[in-house]
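Copied from TrEMBL, the annotated features are:
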type     : residues : note
DISULFID : 916-943  : disulfide bond
DOMAIN   : 49-154   : domain 'F5/8 type C'
DOMAIN   : 160-341  : domain 'Laminin G'
DOMAIN   : 348-531  : domain 'Laminin G'
DOMAIN   : 533-570  : domain 'EGF-like'
DOMAIN   : 569-621  : domain 'Fibrinogen C-terminal'
DOMAIN   : 778-943  : domain 'Laminin G'
DOMAIN   : 944-982  : domain 'EGF-like'
DOMAIN   : 995-1185 : domain 'Laminin G'
């Protein structure tokens, strides 16, 4: 039973006729500690509340008579009728004037579908408030608004303190200082300003803690025992939340244990580790709350005290405000601190629409003959009309607007004549700004002031104009206007969308309640008594470090420099492996790979060695040279830690995704043992990727303390398992290859037996080398329509990317499906020529479909990629135009699933897929289809066919096509021809020759009628280019290749006549900036020899793969709307002068195997001369220089000659130990390392430490031990 004071004493306000209160029906709450409140309103003989039909904006308001902690609400339709509310907003307020919206995921509450059902909503976070307001948004279209409400909650008591901006509370310790290892600080506050200190304390040893409001965000400064930071300006704050100056309550919780800190503001939590050398926070004398009382206090860097209210302020269990109210001696009050919260009357109005919101107010001239308008505003939008008024002399008018994030005042004197001035900076930052516009005589003044200190007061600009002295009355139109024929109102630009408050005209405050009641002025699309600004960057949905920015209605992600792209920076711009790069047609070189794609791991740079049979991934570390070790013991061993070019997590992902990995350990010794010959205990060891000590060396099984010579049965002394354990005075070798990949890479080596006379060791740990990508050809074949593979529930609430390959002869089938109670996600072949991606996150089903002009059930591999995020959804099939849909700015965000993920079918065992699926990857995780298929009836591991394996049947981006009796290679997207796409296409050019390939214009708009938004074509959003060609010339300057866009971007590769005839690469991505120019080779390339150029760009990174060089662009802007590619002479005048000079000279020589992304322009010029896409000028002669390329000597950057794809050997010897080391570089396994004793190496120099002499032997060279 509720207390008597609560049950009958609800006060109601509403927007039309008064209603009566009726008794409560049966109680629904079984929680004895909480209160249950029910309100049934009766109107016109029926139960419930229903506003008048003429009410423009109805709402129902409850006064709970005191602040209550509300935990749930329930609604019901009007009794006995057809009136109910199907959607509504819930607002709350302490005063009944300044309201705040309680935000569900999509901002609104789902209401009723009939008059009798009850819909309950348990609030994810409770409301502590006195007033509630229910604002109907949608109702029964066949009836009217009808509502009965029920509110659940608990009694709420609090201790409150009011700070006036010049006051504070000091909590003084019983001793000189307080040292704590653990702290818990909690409080609630509401602030009138965007700046102010909430909490501060510091100690003499450099300890400090400060909690402050800065730009309406909460900043926590915390440091433990680090005197270096005490007086520095390099203090770093952890900031959280925003818009905290909204005069509503916000909760704060700080939890610290040693260095680990959790900071929670409302529903958002940030975890971090604090700086400093200690684990304790030592604060001297006192903690101050509400401000720092002494402006000159040492170490102080804050500027302004807190102005607002705090409640329930606890420091490590101590109620600070309760002690202050009881005047306890531990609390000292500075200034005027009161214990009730004053409520300022700062009531805001929200302009909801950027096209139709307006507020029109009448005004008259002041006594001085001018006018003055003042107001405050806050918004996220960079543009919008704030105020306009017509002057007496038609058609003169004044306009004040936000333009490009600044305030701009414009005086229109005629249709063609105007003058304007601007002031302010970033006035769209979401903070409150004040603006005033006044006129006196012939002068109009605009004042702008950001509502925060430290900016030097108001900024004044004067606009001298001839204003009519005969203006007797006029109207002021705030933001947009209803129509152009309303006096004084025009809409020359976007209307203002944001919040305004404190309106005054000629120093007279404007009561907007009169406007709301229709007694003053006019308005449209306004929300009174509330500021509905919402920070759409909180939480930040931009992934992988993307920077979030926003407008009033949506957010944007800046992915520059992250290595990711897409609406939320979800998609990696890099391939997942070297094998994936090979499949795109790339050759050996340095690449950035992202092993987990869109997962949390970032990209890393590796060397991809692409051989005829295998693709090797090589990861280097910080100590690749041979190292001599002396003077180490087991008690004081030599230790070397290896830092790889990839993080441990990236290495683990690379190793686990590879078929095989290995790492060579070169170990030579003299009187240095690996194992103690008495008890077998290790004297040296290495540490694996997991930190475990390993004592096997070189190619042997894990856990066996032996070396490779024991496995090969060729140890120099068969009484030992390692050559070094023979402990001889001569050099011995225990080099081997570690190939148990679960232990790789080597993270550390420890050597402990080189302290005896004549004892020493020489070691070298080679790079980690892996080959194969287990995911690329991981496939399953589905033979029964009722069969499927099942996996755990897909975890993709906010973002999901799904990619795979399929081939089938069936006309339709479901590739995958995962469902929840209402939500679902599904990808299917809906017809022989269409793939469909559909899902529902609570806003209704969304369907994207792509239709192909050729059948997709042709038993060939086809690629599918579907993505869904909070911003958009997209679908890609092969190289067809990408289809995408923008998500609604308001609506459900999270995809809630609870069933298993079904692949190849559905839970209903209907519409199953018949065929093969491979390389299924979801959010960067590759699913092991083969393993699951082995235990599933109707499904088999792998996929039959010639084109279903990892062997390279077709080269140079050629596509393998299945045939009944074998396969053929489709070389249409390759620069090469022939049966296996290995024959180069070459052409000889003269000075007037050119080949121009015109790219087909993309489809502009592809309609998708299943969703409200249009589906617009957008090309692949990755900022990526691949260019490759072979050339030979003696001419410079010369134009090799240019690519241009419709937006005047261009890429150019030229030979520059700079005294060295070097190659230059020009990237002009921004019309208003200087291009990026790279000159990689110091030697002349106009030397009559063949040279191979391969350029690969990913974002800002540009790789010249044959030269092993990497450059960084000034921007990662995409190269979009490509117009054409030209080889040879160029005559356009939109490029830089040096490029134009080379373009005018053309190219004389041979070009071969030209590839740009998936286009082969030179090949198209020879085979498709009649095509409208190819334009040939001058004389072209087909050449055989491409056929000679494989056997021709290519000139390297250093000028040394080495035949492509051949082995070469590098010798290295140490002067002190007569050791010869052979590095054998080949295409099969990267770098092989061998060490041999070189008995007859003598020199006259002194004894040295490590090898100092290098001799390069021109290839080919045999690796033959007999030569030594």
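Residue 1 is the first one shown; counting continues down the chain.
Each residue, glycine too, has its Cβ placed from N, Cα and C.
Looking at 49-154, 160-341, 944-982, 995-1185, the range that has the most CB pairs within less than 8 A of the domain 'Fibrinogen C-terminal' (569-621) turns out to be 995-1185.
Comparing 49-154, 778-943, 944-982 for CB pairs under 8 angstroms to the domain 'Laminin G' (995-1185), the maximum falls on 778-943. There are 23 other CB atoms within 10 A of the CB of residue 916 (disulfide bond), with all protein chains counted. Contact between the domain 'F5/8 type C' (49-154) and the domain 'Laminin G' (778-943) is supported: at least 3 Cβ pairs lie under 8 Å, counting only residues 6 or more apart in sequence.
A simple way to gauge crowding: the CB of residue 943 (disulfide bond) has 24 other CB atoms within 10 angstroms, across all the protein chains here. Counting residues 6+ beyond its ends, the domain 'EGF-like' (944-982) has Cβ neighbours under 8 Å at 579, 582, 584-585, 612-613, 772, 776-777, 779, 781, 807, 859-861, 916, 918, 1028-1029, 1153-1155, 1158-1160, 1162-1163 in the same chain. Secondary structure of the domain 'EGF-like' (533-570) per DSSP, as helix, strand and coil residue counts: 0 helix, 10 strand, 28 coil. Residue counts for the domain 'EGF-like' (944-982) under DSSP, helix first, then strand, then coil, are 3 helix, 12 strand, 24 coil. Here the domain 'F5/8 type C' (49-154) has, by DSSP, the following mix of helix, strand and coil residues: 0 helix, 62 strand, 44 coil.
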